[in-house]
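Going by TrEMBL, these are the annotated features:
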- 27-47: transmembrane segment (TRANSMEM)
- 107-126: transmembrane segment (TRANSMEM)
- 146-172: transmembrane segment (TRANSMEM)
- 193-220: transmembrane segment (TRANSMEM)
- 335-356: transmembrane segment (TRANSMEM)
- 376-395: transmembrane segment (TRANSMEM)
Amino acid sequence: SPAAVPSVRSVRVSSAMAILGELGTEILIPVCGVVGIVFAIAQWFIVSKVKVTPGAAAAGGSKNGYGDYLIEEEEGLNDHNVVVKCAEIQTAISEGATSFLFTMYQYVGMFMVVFAAVIFVFLGSIEGFSTKGQPCTYSTGTCKPALYTALFSTASFLLGAITSLVSGFLGMKIATYANARTTLEARKGVGKAFITAFRSGAVMGFLLSSSGLVVLYITINVFKMYYGDDWEGLFESITGYGLGGSSMALFGRVGGGIYTKAADVGADLVGKVERNIPEDDPRNPAVIADNVGDNVGDIAGMGSDLFGSYAESSCAALVVASISSFGINHDFTAMCYPLLVSSVGIIVCLLTTLFATDFFEIKAASEIEPALKKQLIISTALMTIGVAVISWLALPAKFTIFNFGAQKDG
C-alpha cells in the first residue's frame, strides 16, 4: 500500500559483505563467458575436421572419427558420389536457410524499430517525459528521470533482440554445417555420429549462453556509468534485454514452423502422389525447402527461444536483487549472483561435455540413452556443488528482500 512505502524507504539494512570481493566478481563472470566461447570454437574446429569432400581417408583409428576409413572403403564398395551428394544437399539446405533467415530478418528489423519506439513512448510518458529525478521506491535518495530510463530500456531491448537473432543464426549455421558430417560419420558407426552431433550441439549451447552472459554483463557495466548509485533504475532498464530476446524468438519458431509444414505437404502431394518420388528424396525441391524450414524453426528459432528464456530469467533475478538489501547497500557481488550462477554453469557444462566426447566412447546405439542420462546426473551433481560454493562466496550471511512494501528477511 502507498502508506507502507515511506517505511520501506527509511529501512537500511547493514549486512555483512560477501566473501567474494567485487574485483573477483569483475574477473570471474567475463572469464567464464570467454572460456565458454573459446570452448565452442574449439568444438567447431573439431567438427570441421570431418571432411565432406571425396578422397582417400587417412589410415589409423580415432575416437573422433576423422582419421578412419568408411565401412564401404574397407569393403571396397565406396562410391564417392555419396559424399559428393551429401555435400550438395548440405550446401542447398544451408543456402536456403541463410536466405530464409535474412529475408525474415528484414521484416523483424521493422518490428524491432516499431516496438522499440512503443517501449520508449510508454515508459517515457510515466512521468510526462520529465527530465527531473524522482524519489526512489525501495531505497532512499533520488533515482534517475523516467525519460532516461525509457531511453536505456529501449537500447537494452534492441541489444537483446540483436543478440537473440545472432544466437539463432549461429545455431542454424552449425546445424547445417554438421548435418552432412554427422551423416558421413554414421557410415563408420553410431559412436562417430553421436560424437559429431554432440559436439555440434555443444557449439550452439556454449555460444548462446556465453555470449548472452558476456553481453549482459557488459551492458550492466556500461549503463552503470550513467546510473551510478541508482541501482533500482539500472536494473529496471536492463529488463528490456530479456524482452528483446523473447520477442525475436517468436518470428523464428512460428515463421519457420509454418514454412516447413507448407513445404512438407507440398513435397508429399507433388512428389509422392504425382511423380511417385519417395518421401524425403532430395530430387524433390520441396524436400529441400522442408529441411530449410526445419533448420529455421527448430534450430534458429529454438536458439533464439533459449536465449530469450535465459535473458528473461537473469534480468528478472537482477531486478529482484536490485530492490533488496543488495541494491540498497550496493553489494555488487551479491547483486551479480544470478550471473555468477550462470558462470559456474558454463564451467560445469564444459566438464560434463568432456565425459561424453573424450572420457567415454559410445560403441552401440543402446549406449546413447545411458550416456545422456549420465550427462544429466553428472551435471546435476556438479552444479549442486557449484551453486552451494558460489552461494557461500557471493551472498552475505543475512539480507533483506523487499516485496511490495513488506520486508522478508533471509
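Cβ coordinates are placed from backbone N, Cα and C, and glycine is handled just like the others.
TrEMBL annotations: computationally assigned, not manually curated.
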Any contact, the transmembrane segment (335-356) to the transmembrane segment (27-47), with at least 3 Cβ pairs under 8 A:
yes
Touch test for the transmembrane segment (193-220) and the transmembrane segment (146-172), at least 3 Cβ pairs under 8 Å:
yes
Short question: which residues 6 or more past the ends of the transmembrane segment (27-47) have a Cβ under 8 Å from it?
20, 64, 174, 177-178, 181, 196, 199-200, 202-207, 209-211, 213-214, 217-218, 336, 339-340, 342-344, 346-347, 350, 353
Long-range neighbours of the transmembrane segment (107-126), counting only residues six or more past its ends (CB under 8 A):
146-147, 149-151, 153-154, 157-158, 161, 165, 240, 243-244, 247-248, 251
State the residues, same chain only, that lie 6 or more residues beyond the ends of the transmembrane segment (376-395) and have a CB under 8 A from a CB inside it; answer 'none' if no residue qualifies.
18-20, 25, 333-334, 336-337, 340-341, 344-345, 347-349, 351-352, 355
